[in-house]
Amino acid sequence: MKSSSKYLAGFVIFFLMPFAVVAQAANNTLPALIPLPVAIKQSAASFYINPATKIIAGNKALQKITALLNDYVIAAGGKRLMVTTTTPVNNFISIEIDSTEIPNKEGYRLLIDEKAIRCIGHDAGGVLYGLQTLRQLWSAGKTKIKVPGCTIDDYPRFEYRSMALDVSRHLFPVSFIKKYINLLALYKFNTFHWHLTDDQGWRIEIKKYPKLQSVAAWRNETLIGHKKELPHRFDGKRYGGYYTQEQIKEVVQYAADRQISIIPEIEMPGHATAALAAYPALGCTGGPYKTATFWGVFDDVYCAGNDSTFSFLQNVLDEVMALFPSIYIHIGGDECPKTRWKACTKCQQRKQALGLQDEHALQSYFIQRMEKYLNSKGRQIIGWDEILEGGLAPNATVMSWRGEEGGKAAIAQHHRVIMTPESHCYFDYYQSLYAEEPLAAGGFTPLQKVYGYEPLASSTDSMNATYLAGVEGQAWSEYYTSTAKATYMIFPRALALAELAWTPVALRNYDNFLSRLRHQKLLQQQEGVNYSNLFDEISYTATPAQNNTVQVTLQSALPGGEIRYTTDNSVPTLQSALYTGTINIKNTSTIKALLFDKRKQPVGRLFHQYLRIHKAVGAQAVIKNKPIDRFNPGAAALVNGLFGSNRYNDGQWIGFGGSDLHAVIDLGSVQTIHRLGLNVLNYHWQRMWAPVSLQLLASTDGEHFTELHRQNSFPMNGINKLDVPVKPVQARYIKVIGVNKGVIPAGEYGAGGNALLLIDEVIIE
């Protein structure tokens, strides 16, 4: 990773140039580039690739890249070009390696004028990235390909730039894996993290263990819908498959030709149900086990006290290493329940014999033992941030997913870190709050949030920052039911990640990125990508104000777009009110809005938001116990007129992990109260539990409260709506007390962890 001062110097020298790129893109003379280069200088000249153009490549190391260049030219509508080592006077494309002229690893220089195109790379990777930029620059005509004149100097910010793909939950064909690799190469990713094993299926052929193919690779059926919904429904269809070793060799070579290293992940010691179904002796109970048919975390894991477990995994890894030349092997290490280990005689004997303090230390022993084996073979391990628990393996690289704290802790111990916080880098989360959005895992990670992530934003000092290898986007496939759904969820969020991984932070600007992204749509369509184009859709903010009013603002990033809206529940037209500023909502209403482009054509989906106006809207709300970070929109969310959805990702739910709800709402004056209400979320499969009891109390002085209602039962799975008419009472203060379930009981999902108690709007009438 290069120092930030060097990037800043580049920014000062070429301060105005990225914005020139966008201006030219608007004139259709220079397509906008993603990721944005470090420096670009335009010229008036253009080069035309025609059938007589020659490719000059004297370096034998560039033969495969030369072949790729010809493939790219043909895909753009051109003819296959002659390859030679002799440089003509003009009409040629030369590709070369010169680490002296291009000092930054993976860096390149692209020089384009009317006579020729020269692409000079520090290494083969740099040459390929220069050609990927060239692809974004050119535009195809009937007989030739036009390339605008410019000089580009470019190099990456981070050495590790990666996207993952989970093929356990849903299996994708080799043809799609290659297409995915093509897209990663186009946007200058250099690593593909292939998640090959998990509870729901084992996807790699291991010849020593044939039952991994005949048993572990298959599940009897698959969950329909979201796992939070009860009762669980299944499709009744056997599902599975795996990649043969020949197929994997083919994919590995295909990626290598595009300068992408594939890191395989073989999960251990948890997420092992599929493997245990094939070889039950590897588990603590001996089974029987079956490959998981729904999503989640399961108690059955590899037995840490059984030496045959380690023999099995070492044999598996021997075959994996023979297929994947990458220096890194990902061994998982995440979400490993200790329930079976605590009850397992062999595991407890192992723990006592080694003098280990607890089961976390036993997991550390497990990981360190596997690391020692891989190190003996010349390989290094990557593990999820749980491998920090109980002691970090000496040479491990940590992939920090539960926020950034794990990464920071590993950096402090001088371990390499890859940042992939689920808050910003999990592309199985929703990218829009619109109800029409297809089923996703949960969470809310819009494009702007991905782009705004800054892995060095913390106070990490510059010396320790050298341990930050880079970033990775996660593509978990529980709800990727097709290749089209996969690309819809991944793109264009992966492009935002590509830019933050490559481009100096001083050059990054979201509006600028969007203007370039719009010109990438055509390119993505040429690649046959079903991508999401939600980045222009209407979003909103709602702020409670005085006199029981909610102030609503509407936004869209579409240049020249206009928003028309209604508050009477009708669908907006061009004759509806034009949005020009804050809308004051004083009565219960549904705002509906449509976006129109410069041609007065509607763009995107209908926006609609219901607002419930009542006595408490805009009142002062105070919460005693701190909500958990994931569900902490602030106390004002209790009195803003908005309800939370059953996707619980809209910022309207306030949640408490293991602690009780204790909120007081001050109406400002004594008023007559005759109805109270709120919503409680009850999804046990998301560790969300309704309160053991809920009290609603009233007071005139804030000191002495009288109970108005108590409820101890919330039977519905999902949103439980509490709407309570009460005998009219004079009150200024309303108190809400909810007693948390506390520790999730045995036999339930997440047993032993803290239950989440969630509520949204407190209605007072």
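Even glycines carry a Cβ here, placed using N, Cα and C.
Keep in mind that TrEMBL annotations are predicted by a computer and have not been checked by a curator.
Predicted, not measured: the structure shown is a model, and the values here were computed from it.
Glu335 (active site, proton donor) carries neither a helix nor a strand DSSP state and counts as coil. Cβ neighbours of Glu335 (active site, proton donor) (same chain, under 8 Å, six or more residues apart in sequence): Gly270, His271, Val297, Trp384, Glu386. The active site, proton donor annotation in TrEMBL covers Glu335.
As annotated by TrEMBL, domain 'Beta-hexosaminidase bacterial type N-terminal' applies to 31-155.
Annotation comment: TrEMBL describes 158-504 as domain 'Glycoside hydrolase family 20 catalytic'. Computed over the domain 'Glycoside hydrolase family 20 catalytic' (158-504), the whole-number mean pLDDT of the model equals 96.
Across the domain 'GH29D-like beta-sandwich' (547-600), DSSP assigns 0 helix, 26 strand, 28 coil. Residues annotated as domain 'GH29D-like beta-sandwich' in TrEMBL: 547-600.
For 647-740, the entry in TrEMBL reads domain 'F5/8 type C'.
TrEMBL lists 1-25 with the feature signal peptide.
Using the rule of three or more Cβ pairs under 8 Å, pairs at least 6 apart in sequence, the domain 'F5/8 type C' (647-740) is in contact with the domain 'Glycoside hydrolase family 20 catalytic' (158-504). According to DSSP, the domain 'F5/8 type C' (647-740) comprises 3 helix, 63 strand, 28 coil.
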